[in-house]
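First comes the structure, then the notes that go with it.
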Amino acid sequence: MPSNKSVSDAPIVQFTNCRILRDRRLQREDLWVRDGKILNPEKLFFDEKGSADVQLNCKGSIIAPGFIDVQINGGFGVDFSLATDDFKSGIDLVSQKILSHGVTSFCPTLVTSPPSVYHQVLPQISVRNGGAHGAGILGAHLEGPFISREKKGAHPEHCLRTFEAGAFQDLLNTYGSLDGVRIVTLAPEMKRSSEVIQELTKRGVCVSLGHSVANLSQAEEAVQHGATFITHLFNAMLPFHHRDPGIVGLLTSDKIPAGRRVFYGMISDGIHTNPAALRIAHRAHPKGLVLVTDAIAGMGLAPGRHTLGQQVVEIDGLNTYIAGTKTLSGSVATMDTCVRHFQEATGCSVETALEAASLHPAQLLGIEHSKGTLNYGSDADFLMLNDSLYVQATYIAGQEVWRQDTSGM
């Protein structure tokens, strides 16, 4: 066998008998991995005269990029909005457990909380690569507290805040720091929000519009100042109205700056969004749809009482409510469940369903050169799935980090 040592000592692994999601279609070809990256086999053969050190037969599986969840509040009894002594072990537990659902990277999400919680929790959320220890952390998603009282949803009203004279300084004082913060959800109709959006964007923080009563022109102005995302479309915003479609109208707005795409999150759990609404959004703006779980601490646990930040919530089947009310409060859906429901509800292709949980969130965060695709040179974060889109194995940096037990689910 020709030597591969001139380029790297790392072994070359060839995944055979698979269908790879690449360039928006499933292609029957092999996947080559070395040193945590996806290799171009032509360069390997012709430039390096190299070949595989290990061959793995995928037995006809689909290979797709790892899922990226940009809105997850916790799971398995862990609540990211609670400042606990063992917060780090909690985040480690969630990052480990979500591997079985195909998530290879995520943004731990904090709902509206007192400043003291942000000051204690945010320093403990550090951006890190994924691996056998769990999914990679891309940075925190701060959903609130600069949101609308009328559309607060499950967010505690006593913790909501407005922007005062020193708008951006108010935000910094509330959060303590923006180190490791990737997304901030705010209501764009709030006074002085434009300067905050501009400053966050300048610092590389993705601004998302949500929990808001904004009209369409206010939403368009926010996008013109740098906002690129909509937090859980249809939920916690004004309902679509034909004379002023509100934030929902961004999906077909002609006021989006050239070269900019607005993305929008969808909780495809069969509870938060009627399948017809899911179909309307997808058909209106398919390239902007980002599947999110909005999962809470109760994900993966039995029905009963759990927490979401400062609130007690009750899980009843797939429904999660603020205790004693019928106000929805996050979901208990897993990402792979959302992908399957999305495909079933919309009738979209397998490729489209998988990209809504991988390529699109990567594009939203500007990391599509390394995550969310299986292009040559990308990080080898990928999944093996069967034709029904059930995850069979999860790989991060080319290493198997989870595999379904062959004895059952």
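Cβ atoms are placed via backbone N, Cα and C, with glycine included.
Of all the Cβ atoms in the protein chains shown, 29 others lie within 10 Å of the Cβ of Asp294 (active site, proton donor/acceptor). Residues annotated as active site, proton donor/acceptor in TrEMBL: Asp294.
In sequence order, Glu143, Gly144, Ile147, Ser148, Lys151, Lys152, Gly153, His155, Thr185, Ala187, Thr231, Ala236, Met237 are the residues near His211 (Zn(2+) binding site), counting only same-chain partners six or more apart with C-beta under 8 A. Positions annotated as Zn(2+) binding site by TrEMBL: Glu143, His211, His232.
Using a 10 Å radius centred on the Cβ of Ala154 (substrate binding site) and all shown protein chains, the other Cβ atoms total 24. What TrEMBL lists as substrate binding site is Ala154, Asn235, Ala236, Arg243, His272, Leu328, Ser329, Gly330.
Regional average pLDDT for the domain 'Amidohydrolase-related' (62-401) in the model is 97. If you look up TrEMBL, you'll see 62-401 marked as domain 'Amidohydrolase-related'.
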Chain-internal residues near His272 (substrate binding site), provided their CB is under 8 angstroms and they sit 6+ positions away: His232, Phe234, Asn235, Asp294, Leu328, Ser331
Those binding-site residues listed as His232, Arg243, and which of them has the most Cβ atoms within 10 Å of its own Cβ: His232
Chain-internal residues, separated by at least six, CB under 8 A from Ser329 (substrate binding site): Gly153, Ala154, Ile296, Leu308, Gln311, Val313, Thr320, Tyr321, Ile322
